[in-house]
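Working notes, beginning with the structure itself.
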Amino acid sequence: MPQSKYRQQDIRAPRGTTLTAKSWLTEAPLRMLMNNLDPDVAENPHELVVYGGIGRAARDWECYDAIINALTKLEADETLLVQSGKPVGVFKTHENAPRVLIANSNLVPHWATWEHFNELDAKGLAMYGQMTAGSWIYIGSQGIVQGTYETFVEAGRQHYQGNLSGRWVLTAGLGGMGGAQPLAATLAGACSLNIECQQSRIDFRLRTRYVDEQATSLDDALARIEKYTREGKAVSVALCANAADVVPELVKRGVRPDLVTDQTSAHDPLHGYLPSGWRWEEYQAKAASDPQGTVQAAKRSMAKHVQAMLAFSEMGVPTFDYGNNIRQMAKEMGVENAFDFPGFVPAYIRPLFCRGIGPFRWVALSGDPEDIYKTDAKVKEIVADDKHLHHWLDMARERINFQGLPARICWVGLAWRQKLGLAFNEMVRRGEVSAPIVIGRDHLDSGSVASPNRETEAMRDGSDAVSDWPLLNALLNTASGATWVSLHHGGGVGMGFSQHAGMVIVCDGTDEAAARIARVLHNDPATGVMRHADAGYEIAVECAAEQGLNLPMIAATQGKR
């Protein structure tokens, strides 16, 4: 029998050094689960929705209570198993095993459709975990800001001689992921017009300083963009409207942005993309009363949206999919050339993945922002020669408001993750920070995801859909001693289109933690280098050889073995 997914209760993680659980290794997942549902973090916390349509932290409130209860009682040699947001077992393992193992939204491939998943969800038998919602390591929109920033910067390098001043980005979606776009564009030096159909989401981004201002109409928005680009100012403008209407209208008017993308929740047509001409309340009601008709209406609107994006691409405007599967939805509605513009990974990000570079993140369990500022300084000390990274950290401190527990995102690769993790652990040991640090990442990383319309689109060897890689990543992180490990399906692009894994490890200042950190923070990014080397990317082969990886089928890594 389905239990309640709604509770009028605000959740905030404990701060300080007083433990609710029996050790920091179980206190950490407890605090991070609670932090995912902090009103300053989650999109709809009273319904357990963290971000990304219906990406939840727990299946229902009864399951949430049971998870919290289990974590408070968990012993140092026990492991909690969580199945689609429901705690299903506690087993005796050992002290270096993960304290929590999570599997979310996984379906046998033939049944891996939204229709079947929604049936299970309605019966209380499943939960959509997105990527970091159900794996308890979401840190608000900051979690994707740097990745979006790196994408815009690389687009500027490729198309505009590395200078986005006086240029503007057209995009849509200001949810938990899309909400990073306006700030990322501003940090990259560009203006942006950000279309969002829910005023509450615009209010959230204005309050957290991710978007600068809101226009009253499309004409007003364009006037603001024209003024700011003429003045060379990087200002983000939000517009409350439907992208399915506005983007085609801009094509009709002959307006020419400098970059075009989209980050609406198009991956979930039943819950995440407002059909043209509908109000949000109407959409929610019809999703319950006529799900099939609602999905078709949403996908028809997506088709219009993608046709407009294609028109911009044909004008010569750099246009790219930002990983929400909108091209696939449009293709299913008859837009045969929907994939004529690329996804952001093959267009701009893959060379980073080849070196194991991706969204490394950490959180101060103390709740003290000073702990993050001290770790920022430590990153600069260790990665001493990377001016681009130092610039990012300076901008992040100046511009990014913490949401919930203080956190930082920082794209680093195989060469640095282990060193940083060990340094953070030493800071905890010496009392330089006031409580342990947790280190995790997005599932959007170099070796932890198979997603043919996003992270693994257009792989050199054609292995886009091979999902052995995230399974191996999860298994290796478990064997290496991560504090919690997760294996999900459908994140980012929806049911049937992705499989992906996550890990989190606690720096509690002990020697045992140092040994686990050394294994996990080497092996985890190394799987990304391995995956790309196996696909034939020379950058990855070179990185594997430089970092001493042992890849039996890659001659360059064998040396004198």
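Just so you know, glycine gets a Cβ as well, placed from its N, Cα and C.
For 52-53, Gln130, 176-178, Glu196, Arg201, 242-243, 263-267, 273-274, Tyr322, Gly492, the entry in Swiss-Prot reads NAD(+) binding site. For Gly52 (NAD(+) binding site), applying a Cβ distance below 8 Å and a minimum sequence separation of six or more within one chain yields Gln130, Met131, Ala133, Gly175, Gly176, Met177, Ser265, His267, Asp268, Gly272, Gly491, Gly492.
The active site annotation in Swiss-Prot covers Cys410. Neighbour count (other Cβ atoms within 10 Å of the Cβ, all protein chains): 20 for Cys410 (active site). DSSP assigns Cys410 (active site) to a strand.
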Cβ atoms near Ala243 (NAD(+) binding site) (within 10 Å, other residues, all chains): 30
Spatial neighbour of Cys410 (active site) that is closest, considering only the binding-site residues Glu196, Ala243, Tyr273 and their CA atoms: Glu196
Least buried by Cβ count (within 10 Å) of the binding-site residues Gly176, Gly492: Gly492
C-beta crowding around Ser265 (NAD(+) binding site), within 10 angstroms: 28
Residues that sit under 8 angstroms from Glu196 (NAD(+) binding site) by C-beta distance, when 6+ apart in the chain: Ala172, Gly173, Leu174, Gly178, Ile202, Arg205, Ala238, Leu239, Cys240, Ala241
Secondary structure at Ala243 (NAD(+) binding site), reduced by DSSP to three states: helix
